[in-house]
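Annotated features, as they stand in Swiss-Prot:
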BINDING   Asp35, Ser36, Val37, Tyr38, Asp39, Ser84, Leu85, Glu116, Arg139, Glu176, Lys291, Lys315  NAD(+) binding site
ACT_SITE  Lys118  active site, N6-AMP-lysine intermediate
BINDING   Cys409, Cys412, Cys427, Cys432  Zn(2+) binding site
DOMAIN    591-669  domain 'BRCT'
Amino acid sequence: MTIPLEIQQRCQQLKTELQRASYAYYVLDDPFIPDSVYDQLYRELEDIEKRYPQLITPDSPTQRVGDKISSQFVSVRHNIPLYSLENAFNLEELNKWGNRWQRYVNETQDTEYVCELKIDGSALALTYENGFLVRGVTRGDGVTGEDITPNVRTIRSIPLRLNIDNPPAIVEVRGEAFLPLDTFDKINQEREEKRESLFANPRNAAAGTLRQLDPKIVDKRRLQFFAYTLHLDDNNITNQWQSLDRLESMGFLVNPHRQLCPSLQQVAQYYQDWQEKRHQLAYMTDGVVVKINDLQRQNRLGFTQKFPRWAIALKYPAEEVPTVVKDIIINVGRTGAVTPMAVMEPVQVAGTTVQRATLHNSDRVAELDIRVGDTVIIRKAGEIIPEVVRILPELRPNHTSPFQMPTNCPECQSPLVRPVGEAVTRCVNSSCPAILRGSVVHWASRDALDIRGLGEKVVILLIEQGLVTAISDLYSLEKTEIAKLDRMGEKSALNLITAMAQSKNQSWSRVLYGLGIRYVGSVNAKILAESFRTVEELANASVTDLASIYGIGEEIAQSVYDWFRIEANRDLVAKLQAAGLQFAAAAKTTTTKATLAGKTFVITGTLPTLKREEAKELIEKAGGKVTGSVSKKTDYLVLGEAAGSKLEKALELGITQLTEAQLLELIKA
């Protein structure tokens, strides 16, 4: 069907005007048309697109909110790792960082810095192809994140199409999605009216919103987005300040309170000013991000295993507020650690309602001499974990008694043990309900087996009914058994059975993390799973074998070794293997396309995610050749952290340098 020219022109006119109005409203905060006019124009565009679907384009304002996502979010690898930042908690630590970077590049002069407010939200990585938004991904572990593109498209301060002539093939943008405080309050008010659980703080609400399976819900919550990093091949951009200006010109909302500081002395003043003024903002911040402005100097400084050397997050001091202790209870964790907790009158700390705070251990309880009825000062350590800082003895009521740590586990009544040299008291009964409960919840957690629907309440019901006495029991549960549990039913039971079946496809590193071995976090689990391709290899490794792996120290090595010496743990592994869980690394896929045929590579330094042997294997499978030294025959030098003389030689010979991300793109080409 031929579309009349005047209809085509009107459609484009409406799109342009609505995009301009949206930018003025959500980015510039300076609307030029009333909402009623916007709605009228929007409906007109909708009507045209319904009659002529050929006119629908990905950047149309009508295409921001899509249909429900059919299944779980897909994990994708970041093209460029999304590093977290090193933290400094005072000006002394800021100055130490300044001295460190100067020593690293052998400089004695200070430099120019860009200061930006550290927004308390969720980091996102956006990819634009030929100017159009094609992907929005969560930070995840920095290497891989979840593809939440349908939800990202609903955020009005993220342009669907870049405001740029002749856009590059690829543009990467990083920034923070967040909820303004008034929006957060409104959401919690609505949830309270519906008798739904309240969000603890705006950061949690933003993260939870982004993982919604229905973009319409995300759209209603009106998330905002501040852009702060631009990855774009443009020789005209030489510093971070220019990057931020370019992001603004492309149509992004960039925090207006950024400042260019000629020295760390001015950085300190900026930090102190905003520490005082931060509560005047319409959103939460938890510090200041300091970046070296010069991009060439950033490149020279590079990255550590975790952080960029050219940036640091200067956190605000924790807020401290008084409250009254109503009770002191004992919490038993999944590792058996017994932690005293203060139950208090509810109080707001750093934007969150706090009713409990950790007392850490028996030594800390004795040091504080904390008692029920005491008025205490609490704060959030790193603005995350509430803790009791001190008591106010002058406000202590009469006839209080010192708190006594129990000698038996409050959950199973087994004698508690305090290992020599440790501050933590432990329950060592592997059948303790609290340890089992914590272990199963950990097994089902997002970074482990990610079993949707298996939260703490369901776990408690399964344990109380005697259906689960070990993690392995999860995989022999019947739908009818689950359906009989309180508030479950047939549909929920089927969903849970399906989620547990899907968990059998999770990787060996996730399974290893899910086992809950002391000191083995998700990152350590990945390192171990890469070094030991099967559980048998890991179980048979000596402490020396384990400790020799980069990133695995003596403490972790001893813990892993000891865990596999316990018969009950070996039995658990055997049962989980029999249930079909993955206890071996997946076979590495081969590349059939010889995309690197005839090319010679040299690898130098430590790569962000690949071991050198893994990078070599990928190159060779793609038809390339890897040599140990740079010569005129070298086509590419693959650069990692701490590149040495090979880089100097490559620069001298004019050899092309590649990052790990660029190498992977070359292989895929």
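Cβ coordinates are placed from backbone N, Cα and C, and glycine is handled just like the others.
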Confidence summary for the domain 'BRCT' (591-669), mean pLDDT rounded: 80
Cα-proximity to Lys291 (NAD(+) binding site), 10 Å cut-off, over recorded positions Lys118, Cys409, Cys412, Cys427, Cys432: none
Spatial separation of Cys427 (Zn(2+) binding site) from Lys118 (active site, N6-AMP-lysine intermediate) - C-alpha basis, Å: 40
For the Zn(2+) site built from Cys409, Cys412, Cys427, Cys432, further residues of that chain with CB within 8 A of the site's CB center: Val332, Gly336, Pro410, Glu411, Gln413, Ser414, Leu416, Val428, Asn429, Pro433, Ala434, Ile435
Within the domain 'BRCT' (591-669), residues counted as helix, strand or coil by DSSP: 28 helix, 17 strand, 34 coil
Nearest-integer angstrom distance between the alpha carbons (Cα) of Cys427 (Zn(2+) binding site) and Arg139 (NAD(+) binding site): 36
For Arg139 (NAD(+) binding site): intrachain residues, at least 6 apart, with Cβ closer than 8 Å: Leu82, Ser84, Ser122, Ala123, Leu124, Ala125, Gly145
Cβ packing number for Lys291 (NAD(+) binding site), 10 Å threshold: 25
Of Leu85, Cys412, Cys432 (the binding-site residues), the residue whose Cβ has the fewest other Cβ atoms within 10 Å: Cys412
Other CB atoms within 10 A, centred on Cys427 (Zn(2+) binding site): 25
Rounded Cα separation (Å) that holds between Cys412 (Zn(2+) binding site) and Leu85 (NAD(+) binding site): 42
Lys118 (active site, N6-AMP-lysine intermediate): tally of other CB atoms within 10 A of its CB: 24
Nonlocal neighbours by CB distance (under 8 Å) for Cys409 (Zn(2+) binding site), same chain, sequence gap 6 or more: Val332, Val338, Pro415, Leu416, Cys427, Asn429, Cys432, Ala434
